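Taking it in order: structure first as structure tokens, then the write-up.
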Amino acid sequence: MEDERGREHGGDAAQQKTPRPECEESRPLSVEKKQRCRLDGKDTDGSKFITSNGGDFSDPVYKEIAMTNGCINRMSKEELRAKLSEFKLETRGVKDVLKKRLKNYYKKQKLMLKESNAVDSYYDYICIIDFEATCEEGNPAEFLHEIIEFPVVLLNTHSLEIEDTFQQYVRPEVNSQLSEFCIGLTGITQDQVDRADAFPQVLKKVIEWMKSKELGTKYKYCILTDGSWDMSKFLNIQCQLSRLKYPSFAKKWINIRKSYGNFYKVPRSQTKLTIMLEKLGMDYDGRPHSGLDDSKNIARIAVRMLQDGCELRINEKLHGGQLMSVSSSLPVEGAPAPQMPHSRK
């Protein structure tokens, strides 16, 4: 769900020689030098840039990467698209996204040449979850949100394909009658939730489905959400209402809004689902506030970010019932194998 209800969420490249950028300095001008940089022999206008040659980045490959980045920074949007097209990369998106995409392509190629045996740091699978919950217009503070749609989209990070999906509606028990606002927003009808199972039964089905995919046993995986509220609020409250302990597999997750903002260097205000799609050159596919459709669109953003060179990592967790950030510098870890949580006493 997004924030209309007043909340935050609502070929083997290593075998190829990477083109090395060349910079030719012209004669010095009065104060500063000017350069003409070339990517694959094609000129782009530019001015002087400075690189560091100390510390861990003293290896020549990092100097090459810095030179390449300087050239890319001075390319026009048309030049960026032409270069991306040449490498058969996605050409949609705003200029800053295109620059980031091209920079990460060159960086990845150069580092692969430097360390041909580099280990893939991604999870095998990412489970995208975007709950829909009961709601009322104005989002009153005392209202208890109950999950009414539990979708899961299984994204294979190696093939970058959606491998499978799960979806079940959930029968609310505290506020069993959906508000007209909720029906209009989510498209979920009273009849659909009346005929659905209660949350504990649906959670059991979700866990059985995840086990059938060998998540946490054969394959490393993690949860990904669009914001913090799905896990820290909706699932947390629902487990309390259903007298269940919070499931261990959902205690840590990737908040894609944080990942997107940090990777593309954009403010929090530009990390809403529809804005992220727009900035990446994509349109929303499906019905907004359908949990399954939202999850599929979030998966599309995750795929584009992985293609652009982002290492999606767990960045949030629930600890002692409190939402906390997780440092991106920590080693990549997967979620534990899913197990049905015990009942609360």
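Glycine residues also receive a Cβ, built from the backbone N, Cα and C atoms like all the rest.
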(request) For the Mg(2+) 1 site that Swiss-Prot lists with ASP130, GLU132, give the additional residue from the candidates ASP294, ASP308. (result) ASP294
(message) For the AMP site that Swiss-Prot describes with GLU132, ALA133, which of these is also annotated: HIS158, HIS289?
(response) HIS289
(message) Cβ neighbours within 10 Å, counted over all protein chains: which one of the binding-site residues ASP130, ASP294 has the most?
(response) ASP130
(request) Quick one: of the binding-site residues ASP130, GLU132, ASP294, which has its CA closest to the CA of ASP230 (Mg(2+) 2 binding site)? (result) ASP130
(message) Restricting to the domain 'Exonuclease' (126-302), what is the model's mean pLDDT?
(response) 97
(request) Would you identify the secondary structure of GLU132 (Mg(2+) 1 binding site) according to DSSP, in three states? (result) strand
